[in-house]
């Protein structure tokens, strides 16, 4: 099935049996950052996979050290304990008709306004969000090798000059169809990805959502300085290397994805592009991070017109094709269902527009538990009102059950 590049602006156009995207500009790349020596991109990304903005080809890296079964289980068991604590925090109803979109006014720190030209040096930046005023990008960061590139721009590895902290530096060209959003606390609209990442900074922050440290606006580009999770790869690449994941590992991943999506909704953000390429997976701990908010929207309980859908076609819900509007939470739930199906079956559940609109599911993996197939079937209900809410997903038996690990970790290729 055709896939959608993680670009900014434009609309998805779905026709015939294939789902495709217009307004592609793959060849439009940013010039090197100031002070950056041009470096040819590596054929394989070492971690950020261009921050999930592209559906990259499979990465076939060979691991030099395979963790023992005991180490795998200890890591995952410890991580699961932290996940359960996060999951048991007070849950809010996230259905489209709820009042979750009534978000408290968000007033971002004044230090996160885009920075002008350089002024005399000032103290080192504080990565908790407090940033020196009137500092230039060049005075704060060293730019390393390019991690990836595409229609969205380029992503570099970077280092803070003051404390040596590794960061991801995303440079985006300004284009005519950039989308801008008005958010509380800012007198003028901000480019979508910056606006939504600023909203996600409101306390409490989530460990399952990428953190924006600061950003800079230049005449022709935006530069975003973000958290650099490592060692990591895209969830898509992990799934390709490990088709038909065992249920316990799929459960760990889906639970984190749920927490990330819930956090977005509670902060008034509709991510609008939930799919495997937009999650980074730590290869040592299975920690998941949601990235790439360039397709996102402000959450609205009134829904969105179907012709503005710009998410990944393979994760597109039937109502986008059949109805005049769609809603944030049922769309996210559908995407999570597609993601879970893909993890445990090794392929996407639907291959064409017709299959999406019919929403008939055939499970390729006949060894799946009844609880797992039930959750997938509920999430992929053709009628969006029949799908579970995020809270109901958290309470589903497959999510809450203590799955038997057995030798589950033995076959995982890290």
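The backbone N, Cα and C atoms fix where each Cβ goes, and this holds for glycine too.
The DSSP secondary structure for residue 170 (ATP binding site) is strand. Feature annotation from TrEMBL assigns ATP binding site to 170.
Look at TrEMBL and you will find 63-72 tagged as compositional bias 'Basic and acidic residues'.
Looking only at the domain 'Protein kinase' (141-399), the predicted model's pLDDT averages out at 95. The annotation domain 'Protein kinase' is assigned in TrEMBL to 141-399.
If you look up TrEMBL, you'll see 1-21 (among others) marked as region 'Disordered'.
For 50-72 (among others), the entry in TrEMBL reads region 'Disordered'.
Among the features that TrEMBL reports, region 'Disordered' is placed at 106-131 (among others).
Other C-beta atoms found within 10 angstroms of the C-beta of residue 170 (ATP binding site) number 30, with every protein chain shown included.
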